[in-house]
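Engineer: First, the structure itself, so that you have it in front of you.
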């Protein structure tokens, strides 16, 4: 009865642990949905932000810089904090920071305040991005692949929904504003285009502020509710259990941990930079080089992001059957093939459409698969994950800027397509190097394990008792140490003899004594070496 009760207690504890893990995954997914909403809502509300501070759209580009710098700083700081405090608590506090920034933006009438709010949001989102990936790895370990894919699919879904949420309020405010303008002055309505009204109007009326306000208030309130779930998870977590898991994970630290992390940092820099660059410039390429209409170019852009989101959702189920390395190799091969078609055959319409769809699909799974892959070989802690996020953020910042600069100087060259081709080649070359570096120490360790297993098999077939087997192991280890010492002494004596011309008296006098000292001791009948004879030999050598 006691055994049955203990079994039921263990089953109940396992069920509670599994339920808690699924709750953590669900909370992370809804939090990354809010992350996508927070990042993507800036685009459709950008003209209204400029009007709020009384500036043109082209004059407030620095809010992007502020948010990016905050994102980088939040990733670095969050990586350090994850190693010294509870992950659920840290994510809850970061989401409160995001909520505060979103609530403050509608009332920012100064560009400095707007930039500070954007920096706060960026820093909080950097902590969430780093901590979310680490918490998923801590929770699921080697089974984290599908959950990481679900995490990043939720981000893509949030980015897709953000323009819809913003357009609901903006569309209502624009219709009310146009209705009021019709009653006051019909001629002004005909002379001023609707699309440019937000950037040229020096002041905003209450309707536009109200519509703009509710877009950010809605997202901020959603994130506030999600933070409550993280606080609940923090109350259910055990600090002692977290510390024991962290200490156990540190034992798996790879020998070449930091070189491997550095290579993956560069890998993510080129991958994310290529993804953002193509998504940002494919519309311009389609209108300038392919001579498409704006509607067709917009459709091409939608094909890229649509296949990206669909394949990221399908990867949730694919990761349950395929290893992270397999998914990365498949994505890299598709990326290389599609970027080659785009770089050299994009002047054919079919190649442009098919290549764009294939390129978007190939970019969908690389980032979450890369994190799941490296976790199989080494420990991914807060600082490690922060480097991955920083590398991705630097690629997102730097590569599009370089491509824009080069495209401005060389108008007749499709720089964006050649950039996609070059970055795909770089990533294809980097992954085999990372794979070899990650597996090389394990190959040596596996050889040592095989040797130990062979030794155990030989001992088990010898018919000896456990005490005798342990005695034999000790003397085998001692024999190996003596052989190594003998080799070292002989090598040193050989070096001395090489430096002394002719037959050195030192070599003649020392060599017999060394041979006597290093000679294998005689073994008596019971299998143990004769210690008395060994001591006599050492006395003679002295």
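Yeah, the Cβs are placed from backbone N, Cα and C, and that goes for glycine too.
Marked as transmembrane segment by TrEMBL: 18-40, 60-82, 89-106, 112-138, 150-168, 213-235, 256-283, 386-406, 412-435. Taken from TrEMBL, the feature region 'Disordered' applies to 504-542.
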Engineer: To the transmembrane segment (60-82), which of 18-40, 89-106, 256-283 is linked by the most Cβ pairs under 8 Å?
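Structural biologist: The stretch with the most contacts is 89-106.
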Engineer: Test of understanding: applying the rule of at least three C-beta pairs under 8 Å (pairs 6 or more apart in sequence), is the transmembrane segment (150-168) touching the transmembrane segment (213-235)?
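Structural biologist: These two stretches do touch.
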Engineer: If we call contact 3 or more Cβ pairs under 8 Å (sequence gap 6 or more), are the transmembrane segment (150-168) and the transmembrane segment (18-40) touching?
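Structural biologist: Counting Cβ pairs under 8 Å, at least 3, so yes.
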